[in-house]
Amino acid sequence: MASLQEANGSTAWPPPTASNISEPHQCLLLLYEDIGSSRVRYWDLLLLIPNVLFFIFLLWKLPLARAKIRVTSSPIFITFYILVFVVALVGIARAVVSMTVSASDAATVADKILWEITRFFLLAIELSVIILGLAFGHLESKSSIKRVLAITTVLSLAYSVTQGTLEILYPDSHLSAEDFNIYGHGGRQFWLVSSCFFFLVYSLVVILPKTPLKERVSLPSRRSFYVYAGILATLNLLQGLGSALLCANIIVGLCCVDATTFLYFSFFAPLIYVAFLRGFFGSEPKILFSYKCQVDEAEEPDMHLPQPYAVARREGIESAGPACASAANYSSTQFDSAGVAYLDDIASMPCHTGSINSTDSERWKAINA
């Protein structure tokens, strides 16, 4: 058979294999191509720059943040500030380590573990915001914060372990390039399922105020909470669409998930800061999760008397006697400026016969003697 093929001047082609999107493409080259002759990848540099800038911003705001934290009794703000700080540090560490590792198998595993650690912290903050906002936002106590963090830690750890196991033990061959296995977020199928799940969760949060459920439970009234949920719902929707295209072996989907991955791992921590911490570290700290609109109390009615009546009352006091006038003057200088009108009226009442302020008080002295 082989001789027949050689005689015909042709060779036997191997059977067609499944379409692999690891063929050179701009969206794929971005993930693993190095800058010049260095081992620094464009992808790692793109993720490093926003995290470094945000970390510098946090350091710049650190003196003000420490001063605000000292005078606050809310553990929610302290917890969120620490978590945002940690996420920025982990993002920087992941990018720096990825820049220094080689293309060996051990280095690839280390890089994927750093990706999972970063994802773990980001997901923990995601779940903490949702749980605190919907269930425990009105309980700003250390015990409630610890319970929320414990729940989010367990859930985030389970998610990250599952994703890491799929990524390391069962890497997606469609997300590999040359001799370097690119981090694939657990594979196309896992990426699609998780993106759809989080899209449904955040979409439900956004529409909650429009449902009859708002009459039965207390929902956050801050607009920034729902803007935060809406942004993440949109991000997960785009990520799900990109993953679906990858499952259909359409390489354009890789460009979509590249964009969503960059936005999530670079700007999620700043999103948390702007949505929930900027008001706290501003000039006037605001409540993180408010559950009803604050109604200002009605202004106190002006207790001071009209000017004509006040003049007439003053003349009556002066005619009543010097002692009573002295008491009125004392009242005016001590209390009028402070707005305590009730004490002013008592002290400036006309003096009656037999009162302590009248001239008949001499008989009280005789009795006491």
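Backbone N, Cα and C atoms are what each Cβ position is placed from, and that goes for glycine too.
Residue with Swiss-Prot feature N-linked glycosylation site, selected from ASN8, ASN20: ASN20. In Swiss-Prot, the feature N-linked glycosylation site is assigned, of ASN329, ASN357, to ASN329; the remaining candidates carry no such note in the record.
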